[in-house]
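Okay, structure first, notes after.
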Amino acid sequence: HYSLASVKGDSFGSLSLSLKKSLKMPLGERLGDKSDSRFCGVETEFNDDMPQLLSFNINGGFDFVVAQLMDPAYRPSLMDNDSSRYGVLPFAGSDLVLSPSQWASHVVGKISSWIDLDSEDEILRKDSEIALKQELAWASHLSLQACLLPAPKGASCANYARCVNQILQNLNNMQLWLRIPLEKSDDDATSGNPDNLGEGQIDSWELWNCFRLLCEHHSQLSIALDVLSSLPSANSLGRWFGESVRAAIIHTNCFLTNARGYPCLSKRHQELMTGFFNHSIQIVISGKSVHNLPIGSSELAANHTDNHADGIQRHPLRSYLDYVAHLYQSMEPLPEEERIELGYRDFLQSPLQPLMDNLEAQTYEIFEKDTNKYIQYQRAICKALLDRIPDEKASSLTTVLMVVGAGRGPLVRASLQAAEEASRKLRVYAVEKNPNAVVTLHSLVKLEGWENIVTIVSSDMRCWDAPEKADILVSELLGSFGDNELSPECLDGAQRFLKQDGISIPSSYTSFIQPVTAAKLYNDVKLHKDLVHFETAYVVKLHRVARLAPSQPVFTFTHPDYSTKKSNQRYKKLRFEIPSDTGSAMVHGFAGYFDATLYKDVHLGIEPSMATPNMFSWFPIFFPLRTPICVPSGSPLEVHLWRCCGPTKVWYEWCVNSASTSAIHNCNGRSYWVGL
């Protein structure tokens, strides 16, 4: 990212002076935010004095420049043969005018905007291809972190995409930001057809999608959104947060004027900017100053005396930068729970196999710290005890409670606290198959003096013969998708030692899914270059995703279940309607959640619309699609999901059957399963 920290005392005259002055801080400090969105850039005109250009803009408070690398007057066809063979290309200064770290930290290359690789004019088309390759080769030579490509000129961009795709195949680590105007007509009559763009119907997402598909979803091709003064609907904007947007270019003519004559943004633009900041999207300010600021205002004098101390003129775009910094600094700090989870954002993890494998101490540690989860369990157990034993029998009757899958004892503690709260007598059996956790359980019981109340059983609940039947069976066997850690199979095995009128906590749970745009997750799965990873469900803290439609329930399990024809196999067909004002959208896969009823009205879950607050034991699950599905505006999305059970394993299969048809993923559990 374009951080000033990487630049050390470079001896480049005025530039090193400016860097020392600007090491204050980009847009401001925000607790927990170490993302690229702290850094703000400026789009500049061509200037062959790069040190001066950089010095002026960094002194003005910007972190990086989006600078043209090539003289805009240059055309390969205008160079005669001799000069093109021996001549020097008109780049903005040699590589030596800045140090390598300055090029890398402070310059994003801007490819000439005259380039049009899909022009009918053959000379222009050929010139464009030569110039594009020359400029990107130069940018690569300079080790720039990114280059801004001009927006495709017309509806067809096949030749432009072909040329960019060729370059992408051999590119170093540089990102190519394709400039896309952020626009969409409200009238959706011609949506889903990029050929109609330009006939009064515009959805620039179609332009991006066409280019991205031609380049096979290349991970180094990303987006720089050109934010215009009018914005599309909120649903339409939402799509972009699941795409690989790296930068947002805000033109000065987007800004309104506040009562004191300063630039400001509309409420909707402000909300959009907050979205950009939250999704590590860097802001670039573009254009000339269009605000005549009140001269000699006290605010200017107070805030910017440093800009005049050395006789350096104030940057003409400084008031726009100050406003962007003000928006950044006005954001709520990240809650502590979010700060803890920052490192897990969009990081794919294989789900736990708690039956096949024993959990490690650090896994238990994380789960045990989730106090809100255990508060809900304690509430549920307390209610169940009060319902089970009337007040007049509280001193004479003892409730038998079994914790199945007791781990290192957090549910044992919650149960005993609930009994104390309800003033009910309790006898507890703590059943745990992991011998390592049993060691900890024994020392906990001894330490707390629970020897007369708690019996520890080192056994798999499916094999244990209980000495008596339980009134209440308590478990925390739920996975991110509810049943994906085999809670149904475990509780079926444990149900035999529950009294006929006994209570299971949880009493039921339901899984949910919703379609998402998740370009980053898709690219991360694709890196493995195999089928197995595309047929695996991952646990992931979803962040850079667009949730395209509300989630829908999938499978429900109820406990205890005394039905005679019981099966844990399930099949569900779902039909999602993406809101019509969204426009077309790309589905990279499905986010999965669960919601559990612990007892009566006490619930626990991660489904976004009703999630238990401040709980971190479960991240959502993600079912990827091998080939992302483009859903045209107004088309339904039909999804099929199966839960399959074999003698040694349980697995899911999934597919899409409209708007287009995908393969059935994970047939026979060939790639991903949970072992019994």
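Yeah, the Cβs are placed from backbone N, Cα and C, and that goes for glycine too.
In TrEMBL, annotation is done automatically, which means it is predicted and not curated.
What TrEMBL records for Glu476 (among others) is active site, proton donor/acceptor. Cβ-based neighbour count (10 Å, all protein chains) for Glu476 (active site, proton donor/acceptor) stands at 25.
The Cβ of Glu485 (active site, proton donor/acceptor) lies under 8 Å from the Cβ of Pro351, Leu352, Pro354, Leu355, Leu477, Leu478, Gly479, Val674, each of these being in the same chain and 6 or more residues away along the sequence. Per TrEMBL, active site, proton donor/acceptor is recorded for Glu485 (among others).
Residues annotated as S-adenosyl-L-methionine binding site in TrEMBL: Tyr364, Lys373, Tyr374, Glu432, Asp460, Met461. Less than 8 angstroms from the CB of Asp460 (S-adenosyl-L-methionine binding site) sit Lys433, each of them six or more residues away in the same chain.
The domain 'PRMT5 TIM barrel' feature in TrEMBL is assigned to 61-330.
Look at TrEMBL and you will find 337-505 tagged as domain 'PRMT5 arginine-N-methyltransferase'.
The domain 'PRMT5 oligomerisation' annotation in TrEMBL covers 508-674.
For Phe367 (site 'Critical for specifying symmetric addition of methyl groups'), the number of other Cβ atoms no farther than 10 Å from its own Cβ, over all displayed protein chains, is 18. Positions annotated as site 'Critical for specifying symmetric addition of methyl groups' by TrEMBL: Phe367.
The separation of Glu476 (active site, proton donor/acceptor) from Tyr374 (S-adenosyl-L-methionine binding site), Cα to Cα, is 10 Å. Counted over all residue pairs in Tyr364, Lys373, Tyr374, Glu432, Asp460, Met461, the record's binders of S-adenosyl-L-methionine, the longest Cα to Cα distance measures 24 angstrom. Around Lys373 (S-adenosyl-L-methionine binding site), the same-chain residues six or more apart in sequence whose CB sits under 8 Å from its CB are Phe367, Glu476, Leu604, Thr612, Met615, Ser617, listed in sequence order.
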